[in-house]
Amino acid sequence: MARTTFLVSVSLFVSAVLARTVEYGLKISDGEIAPDGVKRNATLVNGGYPGPLIFANKGDTLKVKVQNKLTNPEMYRTTSIHWHGLLQHRNADDDGPSFVTQCPIVPRESYTYTIPLDDQTGTYWYHSHLSSQYVDGLRGPLVIYDPKDPHRRLYDVDDEKTVLIIGDWYHESSKAILASGNITRQRPVSATINGKGRFDPDNTPANPDTLYTLKVKRGKRYRLRVINSSEIASFRFSVEGHKVTVIAADGVSTKPYQVDAFDILAGQRIDCVVEANQEPDTYWINAPLTNVPNKTAQALLVYEEDRRPYHPPKGPYRKWSVSEAIIKYWNHKHKHGRGLLSGHGGLKARMIEGSHHLHSRSVVKRQNETTTVVMDESKLVPLEYPGAACGSKPADLVLDLTFGLNFATGHWMINGIPYESPKIPTLLKILTDEDGVTESDFTKEEHTVILPKNKCIEFNIKGNSGIPITHPVHLHGHTWDVVQFGNNPPNYVNPPRRDVVGSTDAGVRIQFKTDNPGPWFLHCHIDWHLEEGFAMVFAEAPEAVKGGPKSVAVDSQWEGLCGKYDNWLKSNPGQL
């Protein structure tokens, strides 16, 4: 995970007198790689997977020039980048989702994202937000350091080596998987940590050539920034023989919480401290998939004091048996819809019915977990400004968001509507409106709901699909307070604060304040489900987007994106 060259020098832990502009360059290209030992064509960032670590300090401004060098017609050739978790105050034009806040960047063109970081700190990531493109490799870590980190006394080491970006992996392109209409091909074949993994762990040695290796010194404490950059996979993360102390979730510092392991869904981030307090040896960093059978991401933790030649860990790496509910999900005979995020209209989903019958004998038997302390997400207490967004008062506006699956078409829906990308980006529609933005300005398929400004909003997110899987739901432009999980008692005093929350059919209730005008995408972070319609847009205070102290001011390069994209479509009809 090589770091790009800074154009402006940044001191990580020395408080700056003035905020700086930190510049990066990302070249998006096609190339052949084999992160798990099997070669495939992928979408690369600066020639690699994952992309380089982007980092800066609290208060800095990021300027990231993205150059599109994509040429392979069997892959997506246009692109856009989303900066997951960054709030983008007055900056919705650089949030990144194609056809929501911008038109895509076409081949042989570039676009520079300028992002004031303001008071945000923590662990984030960036990824393509064009159809399912990030599945093919366009993803990387992003960290905003706090020179006055309130947890600084808890760790000794926090650098690029302790950033762990985990991701599921496929041996065929996402475009081909979507075109097949076969749900069984949505199952990842392996998983990686910092771009290394083993497709066939039983016949591939575990060593620093095949697995990411973190070297530690006995007695030191390491801040691990764990990022789940997966398309669908959720993981249970642990370090063999060591406890971990959770200190942040989704960029929000939390009260320290010591556990043996924690679950992390697609899009989520967990910061934890591990103390190197065991006998010098080699230990597994384990991340078995909890929603896909018989797959595990691994890395190695090696004590520098162990002077012996390299040797693998003594014990087997942790395996995990998926629940019967997950087996039921992969056994469901439902069609797989596609084509809803094209942005150019006219695509009709060609769907093939698919099912995968998993015999119980093929699933690893569940290990005895009675002595393992696993993080309870409901116990994540924000370190600063705890409390629900609405306080003890009722929300100003309560919206029920019920997700479900149309088994006939294979499309996921929210409140009965599968989202489909518009031809004109939502933000552009808002900015060019002359007579007051209303919901009638958007088609039913765009599924855009207007939120009033400076109000406390409550979403009741629940499902009626009957499919027992946890959906990682993400809202751009905000963090939210999770005041209730399922039928558990609500918590308005110190609820968890995140930007991705897992929801089953039983549901969750979340609260946030509409203090950030812009069109913000809400969607399932299982990218197949997003592509199949599990999304909608909240146009927050649209009149304030057009004018006033919180307005979004676009520049000429942003204004030129759609014209370039329209011209590209003329010679590449029906493509992305």
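Quick reminder: no glycine exception, Cβ is built from N, Cα and C everywhere.
Annotation comment: Swiss-Prot describes 21-145 as domain 'Plastocyanin-like 1'. When averaged over the domain 'Plastocyanin-like 1' (21-145), pLDDT in the model lands at 99.
Residues or ranges marked as N-linked glycosylation site in Swiss-Prot (evidence: sequence analysis): N41 (among others). Long-range Cβ neighbours of N41 (N-linked glycosylation site) (same chain, at least 6 residues apart, Cβ-Cβ under 8 Å): D30, G31, E32, N72, E74, M75, S173. A strand conformation is recorded for N41 (N-linked glycosylation site) in the three-state DSSP classification.
In the structure as shown, the Cβ atom of H82 (Cu cation 1 binding site) sits within 10 Å of 26 other Cβ atoms. The Cu cation 1 binding site annotation in Swiss-Prot covers H82, H474 and rests on similarity to another entry.
Residues or ranges marked as Cu cation 2 binding site by Swiss-Prot: H84, H127, H525. According to its DSSP assignment, H525 (Cu cation 2 binding site) is coil. For H525 (Cu cation 2 binding site), the same-chain residues that are 6 or more apart in sequence and have a Cβ closer than 8 Å to its Cβ are L265, A266, G267, P472, V473, H474, V500.
Here Swiss-Prot flags C103-C562 as disulfide bond. For C103 (disulfide bond), the count of additional Cβ atoms within 10 Å of its Cβ stands at 25 [all protein chains shown].
Under the heading Cu cation 3 binding site, Swiss-Prot lists H129, H476, H523. Counting every protein chain shown, 28 other Cβ atoms lie within 10 Å of the Cβ of H476 (Cu cation 3 binding site).
Across the domain 'Plastocyanin-like 2' (157-304), DSSP helix (H, G, I), strand (E, B) and coil residues number 14 helix, 72 strand, 62 coil. Look at Swiss-Prot and you will find 157-304 tagged as domain 'Plastocyanin-like 2'.
According to Swiss-Prot, the feature N-linked glycosylation site maps to N182 (among others).
Counting every protein chain shown, 28 other Cβ atoms lie within 10 Å of the Cβ of N228 (N-linked glycosylation site). Annotated N-linked glycosylation site per Swiss-Prot: N228 (among others), in sequence order, evidence recorded as sequence analysis.
Residues or ranges marked as N-linked glycosylation site in Swiss-Prot (evidence: sequence analysis): N294 (among others).
Feature annotation from Swiss-Prot assigns N-linked glycosylation site to N368 (among others).
The domain 'Plastocyanin-like 3' annotation in Swiss-Prot covers 376-576.
Around H529 (Cu cation 4 binding site), a 10 Å sphere centred on its CB holds 24 further CB atoms from the protein chains shown. Annotation source Swiss-Prot lists Cu cation 4 binding site at H471, C524, H529, citing similarity to another entry.
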- Task: Name the secondary structure element type, per DSSP in three states, that contains H129 (Cu cation 3 binding site).
- Result: coil
- Proximal residue to C562 (disulfide bond) among binding-site residues H84, H127, H129, H471, C524 (C-alpha distance): H129
- Spatial neighbours of H84 (Cu cation 2 binding site) that are distant in sequence (at least 6 apart) but have CB under 8 A: Y124, W125, Y126, H127, L142, G267, H474, D499
- Query: Closest of the binding-site residues to N182 (N-linked glycosylation site), Cα to Cα, picking from H471, H476, H523, H529?
  - Reply: H529
- Message: Can you tell me how many other Cβ atoms are located within 10 Å of the Cβ belonging to N294 (N-linked glycosylation site)?
- Response: 14
- Item | Summary of DSSP states over the domain 'Plastocyanin-like 1' (21-145), given as helix, strand and coil counts | 7 helix, 61 strand, 57 coil
